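*Asks:* Quick one: this structure, given as structure tokens, is what I'll be asking you about.
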Amino acid sequence: FSSLKMSYLPPDTPRIQLRLAGDKRKHNEGRVEVFYDGEWGTVCDDDFSIHSAQVVCRELGYLEAVSWSPSSKYGKGEGRIWFDNVQCTGKEKTLALCMSNGIGVSDCKHTEDVGVVCSDKRIPGFKFINTMANNVEDVRIRAILSSYRKRVPVTEGYVEVKDGGKWKQICDAEWTKHNSRVICGMFGFPGERKYNARVYKMFARRRKPNYWDYSVNCTGNEAHLSSCKLGHAVAAKANSTCGGGTPVVVSCVPGRAFSPTPMTGRGKQYQSKQPLVRLRGGAIVGEGRVEVLKNGEWGTICDDNWSLLSATVVCRELGFGSAKEALSGGRLGQGMGPVHMNEVKCSGFEKSVTECFFNKESLGCSHEEDAAVTCNVPAMGFQERLRLSGGRNPYEGRVEALVERNGSLVWGTVCSDGWGTMEAMVVCRQLGLGFASNAFQETWYWPGEVSADPVVMSGVRCSGTEMSLSHCLHHGAHLTCPKGGGRNAAGVSCSETAPDLVLSPQVVEQTTYMEDRPMFMLQCAYEENCLSTTSSKTPANSYRRLLRFSSQIHNNGQSDFRPKAGRHSWVWHDCHRHYHSMEVFTHYDLLSLNGTKVAEGHKASFCLEDTDCEEGIEKRYECANFGEQGITVGCWDTYRHDIDCQWIDITDIKPGDYIFQVFINPNYEVPESDYSNNLMKCRCRYDGHRIWMYSCHNGGSLSTETEESFPGLLNNQVTHR
């Protein structure tokens, strides 16, 4: 809301409030709505300009306007059209001071409702007088009962608004459960629950509340309190006794991942059913590309009409709060498989986004239009327990943890023994710095605080999905770190984006064949260990039976995939006259139906280059002439079936049914936004003369039930240790 202090304006200026509403993706955009004479209405797009948008945005507390949109881009509003033919210079303090036909004088229809996009930066020190907070810092849930004060996150207490530098309570005389639902959503909780009102009434009698002068009226499906209606609180005028009521209390239900240690008998949590929705490719908790499960296969949502309202349904379904942003255009990477939903339209009260109305036809939708979300999550305090020290910028440095020692909190380093990509991923996520770009086992070039040199954590082993480093496996009170801390402490560098490699299962299925190749033609392959161990006893005039196939590896992430090793350390191979930039880039395995490995291929990277790219994207990497190696976002690297080592040696394999498996970046040398899709599996049948490859799919692309019926190594059992 906006509600500027009217004493700064001419006395005949209409008293108005503004808000941004409609089918929007972010809080700083939407249909311009005006509150006047007790009623919300809209603004017509006739004569509207960027100067008028500038006035609107600044009146709402944003630094500037980015753009404006005519013709009800954010949906048609309701009620009166308060302003028409608005002409601003851009310097007015309120839209009410701009030239117009006069308030309420309009010949427009709601198909002409105007919208704006404001910058996401706030005006420093901007003051709102007697309004609901325009950001979360101005509203809080304050734990009142002693049993809740030490709980993290805070799930129950007074709802308080900061007004005139003082925290004030809200009178509950006009409060509804819909309001509570919105408050809980803002603070990262999917729902609200009942609480013991009698205890709070007793507390209010002992300590006289300081009531706010305003009431709030929400429908319950708003993503933020700023989208609710604001009115004068009749019962709380002149800071009265609230008409016999008490201060508003909310009690929120945390998602399963955020549930604090429950009190006896109060262990209710938000319970989700078998997941039909998931997030992939996000750097932080509560962020990612939206994927839905349909007919046993995971697919994406097209971003046509994707809104904050639909995004909020996704967030609540997953145990988070309301949505901060509804992202479009494959902003958090492109998915694989089908596009299951298009033109999604939710009411806001659905239990699952799969219950929302949508267009079943996804014609014309590609993965470049994959929808994503950023959700509100509870404040767990994890960021305050970790820091990076000594780096050249805030995204790098020695990792220092805050731990309890002898009854007091002290900062110290983390032992670097076994420190790798997965541990670095958790650190960057915990600090809200995105993905890991590097993990360091020496940090002498980053001198941290001398007082923090001693090791306070050792034996750290993470799966990569933890929210906090303290959630990873690590040694308890007895630390073990032969190298010590200081210059040998663990370090990280973080990045807001990361690559995401995905192997095309269709290409593997379409290109598989068998070849009997003479041993004398396999000398280079033998030297590079691309044949099974029995090949050393094979006469030169004999042959090896090879299962050959092509690999097409796509980079669907947000940044280029680059080898970890610098070009100074690449190894020249005389046989093939090229440099190897990664010692192990892929593993090729043949497994029995019980998961036992029966044959394998070792694929050193011949080179990493852009074989081809999507339309409009230029190739950046090529192997020729000691060129730079990597895979550009939107490009793919194809290893053809007819090059050396692009096979599994099956000479010693008996006829039967097997599982064929390819694992990209198996040692997690290079950080990626999603490792779950690095594994690809196929069913394989060999009759001694011919071979068939079928049912090829990427890890995580099928339902758990379907995946469990598929023999071999389950993707969720893949570890980096």
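The backbone N, Cα and C atoms fix where each Cβ goes, glycine too.
Any TrEMBL annotation is an automated prediction that lacks curation.
Pasting the feature list from TrEMBL:
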DISULFID  Cys44-Cys108  disulfide bond
DISULFID  Cys57-Cys118  disulfide bond
DISULFID  Cys88-Cys98  disulfide bond
DISULFID  Cys218-Cys228  disulfide bond
DISULFID  Cys346-Cys356  disulfide bond
DISULFID  Cys462-Cys472  disulfide bond
DOMAIN    18-119  domain 'SRCR'
DOMAIN    141-253  domain 'SRCR'
DOMAIN    277-376  domain 'SRCR'
DOMAIN    386-495  domain 'SRCR'
*Asks:* Please identify, from the disulfide-bonded residues Cys44, Cys88, Cys98, Cys108, Cys218, the residue with the sparsest Cβ neighbourhood, meaning fewest other Cβ atoms within 10 angstroms.
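*Replies:* Minimum Cβ neighbour count within 10 Å, taken over the disulfide-bonded residues Cys44, Cys88, Cys98, Cys108, Cys218, occurs at Cys108.
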*Asks:* Please list residues from the chain of Cys57 (disulfide bond) whose Cβ is under 8 angstroms from its Cβ, counting only those at least six apart in sequence.
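*Replies:* When sequence neighbours closer than 6 are ignored, Cys57 (disulfide bond) has Asn28, Leu63, Glu64, Ala65, Val116, Cys118, Ser119 within Cβ distance under 8 Å.
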*Asks:* C-alpha of Cys228 (disulfide bond) to C-alpha of Cys356 (disulfide bond): distance in Å?
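*Replies:* About 22 Å separate the Cα atoms of these two residues.
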*Asks:* Taking the Cβ of Cys118 (disulfide bond) as the centre, how many other Cβ atoms fall within a 10 Å radius?
*Replies:* 26
*Asks:* Of all the disulfide-bonded residues given, namely Cys88, Cys108, Cys346, Cys462, Cys472, which is spatially nearest to Cys218 (disulfide bond) at the Cα level?
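*Replies:* So, spelling it out, the nearest of the disulfide-bonded residues is Cys346.
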*Asks:* Please spell out the DSSP helix, strand and coil residue counts for the domain 'SRCR' (277-376).
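*Replies:* Its residues fall into 16 helix, 38 strand, 46 coil.
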*Asks:* Inside 10 Å of the Cβ of Cys228 (disulfide bond), count up the other Cβ atoms and send me the figure.
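*Replies:* The answer is 21 other Cβ atoms.
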*Asks:* Measuring Cα to Cα, how many angstrom lie between Cys346 (disulfide bond) and Cys88 (disulfide bond)?
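*Replies:* One finds 36 Å between the Cα atoms of these residues.
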*Asks:* Tell me which residues of the chain lie with their Cβ under 8 angstroms from that of Cys462 (disulfide bond), as long as they are six or more apart in sequence?
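*Replies:* Same-chain residues close to Cys462 (disulfide bond) (Cβ under 8 Å, separated by 6 or more) are Met422, Glu423, Met425, Val426, Leu469, Cys472, Leu473.
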*Asks:* List the Cα distance (Å, whole number) between Cys108 (disulfide bond) and Cys88 (disulfide bond).
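*Replies:* Between the Cα atoms of Cys108 (disulfide bond) and Cys88 (disulfide bond), the distance comes to 19 Å.
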*Asks:* CB neighbours of Cys472 (disulfide bond) within 10 A?
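*Replies:* Cβ-Cβ neighbours of Cys472 (disulfide bond) within 10 Å number 19.
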*Asks:* From the Cα of Cys356 (disulfide bond) across to the Cα of Cys44 (disulfide bond), what is the distance in angstrom?
*Replies:* 30
